[in-house]
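Since the structure comes first, as C-alpha cells, the remarks are kept for the end.
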Amino acid sequence: MKDTKVHYEERVPKHNLLKNPALYRQVHPIYNFEKISNLQQTHVPTHSLRDKLALWSVRGLRFMFDLGSGFNKDTMTKEQWLTRCIFLETIAGVPGMVGGMARHMRSLRTLKHDHGLIHHLLNEAENERTHLFIFLRLKQPGKLFQLLIALSQGIFFNLYFLAYLASPRFCHRFVGYLEEEAVHTYTMMLEAQTSQWLLNTEAPAVAAEYYELGKVGEVKMRDVILSVRADESIHRDVNHRFADIFSQKEGSINCEMEVERILEKDYRVKRESSSGVDL
C-alpha cells in the first residue's frame, strides 16, 4: 500500500448521503462509480509508539487469520470469499457500536455534549452491519461458523471496550489501520483471478436499494463490492483523523464539524412532504 501525506478529505471518495424515511436505516453514502472504480489504497505512517502498537496489532491479527484460513486470493472460490467477508464484517461492526456506547456514557457521566462523534460512530456500526446482511443474502453460515463468530465477538468486544476506556486515540488509530486492511481485502477480491463470479452473481435486492445501484435483477455483485470498499475507505480516513484530533485538547474540538469537513458532504436527502411527494 502506498504511503501518503495528502489530506484526509482529498482521499475520501466523492459521494452523496441518502436518508429514506420509509426505512429505519440511518444516513449512508451512495457513490459515483467513476470516482470509486480505481480507489486509492493508502497508508498512514506511524508517528508514535501508540501508533506502532495499533499497526502491529492489526497486522498480527491479519497474519494469524490468513494463516488459519489458508487465504490465497488467486485460488479463493465464491463460497470462500463470502465466508471471509461474513466473518470480517461481524468484527468490523463492533468498534463503532462500542465507541458510540463509550462516548454516550461519558457524555452522561461528565454532563457534557459529545460534539457529534456518537452519531458518526453509530452510523459507522450500522453501515458495517448492513454489509454483513448483504453477504448473508448469498450465504448462510452453519452452526460451527456461528459459534466461532460468537466467541470472536465476545473476546473482541470486551477487549476493545476496555481499550477504548483507556485510550480512544489508540482505538481510532487501530480502526484506521483495520480499515486499511479492509480496503486491501476488497481490492484483492476485485482483482483476483477468480473474480469472474462478481460479474456473474446478481446483487441482493437489499444491496441494490441501499446503494441505489439500479433495478433489482440487473445489478451485479461487482458494483456492490466497489461500494462496500468505498465505505471502508471512508471509515479508514475518518478514524485516522479522529486519532489525530484526540491528540489535541478534546474540549476544543467539534467532532461533528470535523466529520463534515472531511467528508465534504453533498446531501441527497429524501424527505416525505405532507403531500406525500419526495422533496
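Using the three backbone atoms N, Cα and C, a Cβ is placed for every residue, glycine included.
As written in TrEMBL, here are the features:
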BINDING   Glu89, Glu128, His131, Glu232  Fe cation 1 binding site
BINDING   Glu128, Glu179, Glu232, His235  Fe cation 2 binding site
TRANSMEM  144-166  transmembrane segment
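Separating the Cα atoms of Glu179 (Fe cation 2 binding site) and His131 (Fe cation 1 binding site) is a whole-number distance of 14 Å.
The binding-site residues examined here are His131, His235; by Cβ neighbour count within 10 Å, the least packed of them is His235.
Other than Glu128, Glu179, Glu232, His235, the residues of this chain whose Cβ falls within 8 Å of the Cβ centroid of the Fe cation 2 site are, in sequence order, Ala92, Glu124, Asn127, Val175, Leu178, Ala182, Val183, Asp231, Ser233, Ile234, Arg236.
For the binding-site residues Glu89, Glu128, the ranking by surrounding Cβ atoms (within 10 Å, all protein chains) places Glu128 first.
A gap of 13 Å separates the Cα atoms of Glu89 (Fe cation 1 binding site) and His235 (Fe cation 2 binding site). Comparing His235 (Fe cation 2 binding site) with Glu128 (Fe cation 1 binding site), their Cα atoms are 10 Å apart once rounded.
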